[in-house]
Structure formats: structure tokens, C-alpha cells
Amino acid sequence: MSNISIPYGTRDFSTNEIRKRNYIIYIIKKNFELFGFSPIETTSIENISILKRKYGEEGEKLIFKIINSGIILNYSLLSNKKKIFKKALRYDLTVPLARYVVMNKNKILFPFKRYQIQPVWRAEKPQKGRFREFYQCDVDSIGSKSIWQEIELILLYDKIFYELNLPVIIKFNHIEILKQLSYFLGINKKFIEFTKILDKWEKIGSKKIFKKLIKIGISKYLLKKIFWIFKEEKNILKIYHFFLPLKKCFHFINEIKFIFKIIKNFKLKSSKLIFKTNLARGLNYYTGIIFEVLTENNILSLSGGGRYDNLTKIFGLKKKLSGIGISFGLDRIYISMLEMNLFNKFLFKYLDVIFINFGYNESIYSYKLILELRKNGISSELYPDNIKIKKQLKYANKKKITFVFLIGKKEIKKNKIKVKNLKFSIEKEYSYIDEFIDFFYNKYI
């Protein structure tokens, strides 16, 4: 028999895994709604021309392309990609959102606050927390430049991770501050290179970062003078005073001060907010505040996002729409919670009640009770086969079902309902199903 497998970088999920993932999605979705975001869904398949407007030739390498219908591949076609590929699987949820906004601009009420929880696909090398097929949980607000949007997202971060019992660090920076630093260091023409080096800070450390920055042409004397600013995260006033003489930074520094002032008043429950000048991400489209959320030990990035002003412009929309959004990595949150044993505190039950199958007549009688239990929100089932009771009880134990209904000829004759609590090995008889329902909701739960 040939080996059976799934494509590299993809996964199947067991019932237990799905329940845990659904719990995370429930917490995220509940809070998205609580903060006033409304759901949309976009197609999994996009035209390549749409995706290329943002990602370009480099990003195109990571896109899963779909061969045009009816194409028979041969070498003569390979030189003309347009003849082979016109569609692709979506790479993220941001570009589909921008397309959706442009296509529906006359129907949308701005500011447009949307959330989206859907799978995306990337043809990149899989590693811990990174797969070729994965879910993104995004929120975006489009049509407002207000700094209160940034504050809302910080509070949303804190509430979600607090409810997941996951302590995190929320790092933020401003793209314009990075740009002014590049001018100050005399490497503004190498801005992208400069920020790509900074982005590796957590991976390679400050010493290697220093050497790499020297290599791109920064004066060693000048870099030594200001290198502290990339490390500093406690003395915010010291950072403020450094940037104040740089006139173009004045507005952005005031925005950062305002964020800290407001957040201090509200007090975060489980998150630590840090301003980090070495944070550099999404530079191909972010234009303002940028975010990254990491686990408390700084190992795994769980979320990121920021403000963007030009995304809808790539689709020809003349009106400039400012937007801000963040994306939660479901898989990385799941991995972090698993490693910290956070799921142990939650009960992932499969079924509340199972009825032992004693035969045809007993099953008919049991089914009337099953329907009554289901009507009252108690999950129930009848074991499908009339086999040895011992085997049926073994199944119930393995499935971690608490209550087993044993209704045989004797119980039907007496008009009694016998229930066994497998957790405590206690048997009890009830005269009416309502008695058990009352016990279930008032004493058991």
C-alpha cells in the first residue's frame, strides 16, 4: 500500500484540537463584536492582478497560483505566465478587504469597522507557528484618522488576551519616526534596508544589528551616540527628549504620549505596553503606528498590524481612505496556550448524556427522553448498537461522558429513570425527566 499523506505545511485537526481552536475563535469573535466590528467574508480565490498590486514580483513567489481551466501544460506556455495563471488563493485578508471597500464604496458606511476570520495560503517554508494554510482573525477600521482607533485596538488586544489568560507584551512604534531616524543617520535612501535589519533584532541580538548597520554606511560614531534608543523601553521621557528637536517628529511623539496617557487611565489587565523604536514591520504599506504582540517571554509573535493610508489607492480609488487594522494568528495563540497548559482550565466536553441501548422497545422509550433533553439544551445520544452493557459503558468512559441513562424493561415498568454519574460512580433514580433537567442546571453545572 502506498504512503498516504497530506501536503507539506498543511494539517488535519482532531475533535479535541478543533474544540480548543473554536474556544479561541469564540473569545476573539465575541470581543470583535463587543468593540463594534461587523463580519464580512471574501472569496478564497482572487485574480492575480489584484494580489500583485500590493505584493509585487517578490511577494508573488509566495502566492499559490491556480492553473487556468482547460490548460494542458507544455514548455511553450511556461514563458507566458498570464496564459497559465489568472487566479490565486488569497495570501492575506488585507488586500481582499481593500478590494471589497473599493468595489462597495457607495454601499459602505464610513468609518467601516469590519472583522474577518478566514483561512489564507502562503507558499513559504513551514516552521513553528507558520504553515502554508492557516487562519487569520482580522479587524480593521477604514475611514478615520483618529488616534482613538489606535487606543481602541490596544484595549481590544488587552481584553482578548486577558480572557485567554495569556500574558503578552504589546510593542508599538511609528513608521515616520523610523524615517526621521534614517535621515538623522544619513541613510534615508537605504530606508528599507535599514528597517529590515532592525526587524531582525529579536532573532540576532543588538551586537549583530550594530555591525549590520555599520555595513550599510552609518557612521560608527553617530550610531554609538544614538544606539541606546533602540534598546530603551522604560525611560520614555528620555526617548521623547531625543526626538523633540527633530521638528518632523513632534506630531508623532505627541501621538505616542497621548496613547500612553490614555492607556494609563484605563489600566491594562494582562498586557504590558512598550514603545520600541526597533520595531519595523509591514513597511510596504504601513504609514503610521505599527503594532506587534509577543508572548511574555518574547519568543512568539501572536499578532501585528498598524495604520495604512494608501492601500485602497492601489485599486484606483481617488479618495484617500485612512485605515488601521490588526491580525491575530490563531495557530500561534493555540501553540502558546498549549505550551502553557492554559487549556487544562477549561472543560471541553463532547457529550452530556448517553443512553444505553437495551433493544428496540427500550430505544423507542429512551428517544422520547433524548428529544426532551435536547430541547432543554442538554446534549444527548443513544448508543447505536445493542451490544454488551460493559462495552457501552467503556465507550462512555473513553468519551468522558458524565451521565449514563440505564432504562431497561424494569425501569420502564416502574416508570423510573435510572442515571449513573460515571465521574463519581453514583446511581440515582428520577420519576420525571424534568427532575434530572432541574438537577443538571441547578446543582451540576
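Using N, Cα and C of the backbone, Cβ positions are placed for all residues, glycine too.
All annotation found in TrEMBL is predicted automatically rather than curated by experts.
Among the candidates Arg21, Arg122, the one that TrEMBL lists alongside Asp92, Leu93, Thr94, Gln136, Asp140, Arg281, Tyr285, Tyr286 as binding L-histidine is Arg122. Across the domain 'Anticodon-binding' (365-440), DSSP classifies residues as 35 helix, 16 strand, 25 coil. By neighbour count, meaning other C-beta atoms within 10 Å, the densest spot among the binding-site residues Thr94, Gln136 is Thr94.
Thr94 (L-histidine binding site) falls within a helical segment according to DSSP. For Arg281 (L-histidine binding site), the same-chain residues that are 6 or more apart in sequence and have a Cβ closer than 8 Å to its Cβ are Asp199, Ile290, Glu292, Gly304, Gly306.
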